[in-house]
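TrEMBL annotations:
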| type | residues | note |
| --- | --- | --- |
| COMPBIAS | 9-23 | compositional bias 'Low complexity' |
| DOMAIN | 553-645 | domain 'DYW' |
| REGION | 1-23 | region 'Disordered' |
| REPEAT | 205-235 | repeat 'PPR' |
| REPEAT | 236-266 | repeat 'PPR' |
| REPEAT | 338-372 | repeat 'PPR' |
Amino acid sequence: MNPTQTLYSTGGSSPASSQAAHPSSLFPQINRCRTMRDLSQIHAVFVKSGQMRDTLAAAEILRFCATSDLLHRDLDYAHKIFNQMPQRNCFSWNTIIRGFSESDEDRAVIAIALFCEMMKDEFVEPNRFTFPSVLKACAKTGKVEEGKQIHGLALKLGLGGDEFVMSNLVRMYVICGLMKDACVLFYKNIIERDMVIDRRKRDGEVVLWNVMIDGYMRLGDCKAARMLFDKMRQRSVVSWNTMISGYSKNGSFKDAVELFCEMKKVVDIRPNYVTLVSVLPAISRIGSLELGEWLHLDAENNGIEIDDVLGSALIDMYSKCGIIEKAVQVFERLPRKNVITWSAMINGFAIHGQAGDAIDCFCKMRQVGVRPSDVAYINLLTACSHAGLVEEGRRYFSQMVNVDGLEPRIEHYGCMVDLLGRSGLLEEAEEFILNMPIKPDDVIWKALLGACRMHGNVEMGKRVANILMDMVPNDSGAYVALSNMYASQGNWSEVSEMRLRMKEMDIRKDPGCSWIDIDGVLHEFLVEDDSHPRAKEINLMLVEISEKLRLAGYRPITTQVLLNLEEEDKENALHYHSEKIAVAFGLISTSPAKPIRIVKNLRICEDCHSSIKLISKVYKRKITVRDRKRFHHFQDGSCSCMDYW
């Protein structure tokens, strides 16, 4: 029998329901409905004419209410219709269960209750279309025990070999965090089954593999996910998207980009909208501008709509790759702008130190009637912090609470502490933290500690560092910052004490790391890194840079070297910071007029900042460095941050 006939004829249906024609073709007036108001009028006509006694007519009214476009659904209306139906066939039960399972968590619980009610109906038996919806509801609500019982029932009804039922069972176990149960099902239905299967079942297998890969990615086990991905005999675009998205969400940005580049080479797979949204954050993080530009052009050439979500991702990519002008172009060309796109643009201006443009953008957003979100305020306060706009920051923080009625999040308090601390208002920043209505986290205390280091307040720095050592004892940040403060004072005994404590607790400092993209290839450099194939040429360029800077009157800022060394050794140590190595590589790898763009994982140090300013003048190059906090655009011996960072 045709599956569509089975779907509509199972259990207690009228003779009409066994027809092959799809019910919607029997009731064209329902098909023409565009809103619930249209449907309610037809419903009234059906009630008056007695057509609602026809199981198919009632089922079609129910289908429109429960499963049409989410904007036009009315589950309360659907539930009333369902309760008034004189005869409910399997299609009606499946429709109402599906409607509630696709809604929010509170309503998804109703889907499970409806399934239990269905089981009491002696004239109806659940079929292969029932289980995916009720299992989706179990996954959404975390009702794993109910899910296990439904699993047993599916096996009892002979659906253990149905790929759609099985894929939803696996998904339910995955989402509920029971990967062991998911693995048992997966291996039983895929790995151990070594036989020729038709195309439809092969597609079902791919779905199962994708669900398992997603499960491992949810747990942060990228290695297990990749092992499964590599074993797949057939992959869909969803398989690639799941891996790329998983890598991005787990911080494996380079892996995400490399896998996307592999995907581009596959003949029968084309990146789609989801691919773009998944890989763009990774491209943004590693600063791979060339790849981001290719992706943008490819989307336009293949008719992929650049909506608010994709548009925001492109704005973020261009901003974080150092091309704020292109971010503005994308923003201005968007057909529709919402608070997400406005926030992305404000953040772009903020990280580039263009506080005035960020504030103007925020004001324009309000003028066009878009209400600021908490994220928009975080980005605006960040802009104020990077520019030292203390009064403006205070005003916007107050406006957020008193005008827009938003409750400050921990990130907003962090922005204010950073703003006050950078501006040297350390006592006010500490008082602000102590008076916060929510408990400060380590990020907030780190912001104050960074300010203490910046302004040389060792006494407060010790106090804040001790708080952090109690709060996050295995985090290197507090130990390193306090050690740096002692070193800047020449207090080497205290530096040795801090380093000894770190060694005893096996706490390691994050190594400085810089990336540079040359012709689409990402090159990575660590401190004192000589592992690159062109290391000899890089070292020669570093020597040349050092000599040219010396002739230009530059003297290394050796207070940045936090080791008890002779002055000459300190100067040598400064030559091999990762960003300087990346700059040297950029100079030998690009044409004389080409800008150099570098991404660094940590805050740029004072000596590197001063050195690169002079390098930009001596070599007549525009050099852009994106550090952990913001952008630095070096040109003609100056930096866009105006030495405030």
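Note: Cβ is positioned from N, Cα and C throughout, glycine not excepted.
Because the structure is a prediction, the values reported are computed rather than measured.
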Self-check item: Intrachain residues whose Cβ lies under 8 Å of the repeat 'PPR' (236-266), provided they are six or more past its termini
Solution: 203, 206-207, 209-210, 213-214, 216-218, 220, 222, 225-226, 229, 272, 274-275, 278-279, 281-283, 285-286, 288, 291, 522
Quiz item: What counts of helix, strand and coil residues does DSSP assign across the repeat 'PPR' (338-372)?
Solution: 26 helix, 0 strand, 9 coil
Self-check item: For the repeat 'PPR' (205-235), mean pLDDT (0 to 100)
Solution: 92
Self-check item: Three-state composition of the repeat 'PPR' (236-266), taking helix and strand from DSSP
Solution: 25 helix, 0 strand, 6 coil
Self-check item: DSSP helix/strand/coil residue counts for the domain 'DYW' (553-645)
Solution: 37 helix, 16 strand, 40 coil
Quiz prompt | Counts of helix, strand and coil residues, the repeat 'PPR' (205-235), according to DSSP | solution = 24 helix, 0 strand, 7 coil
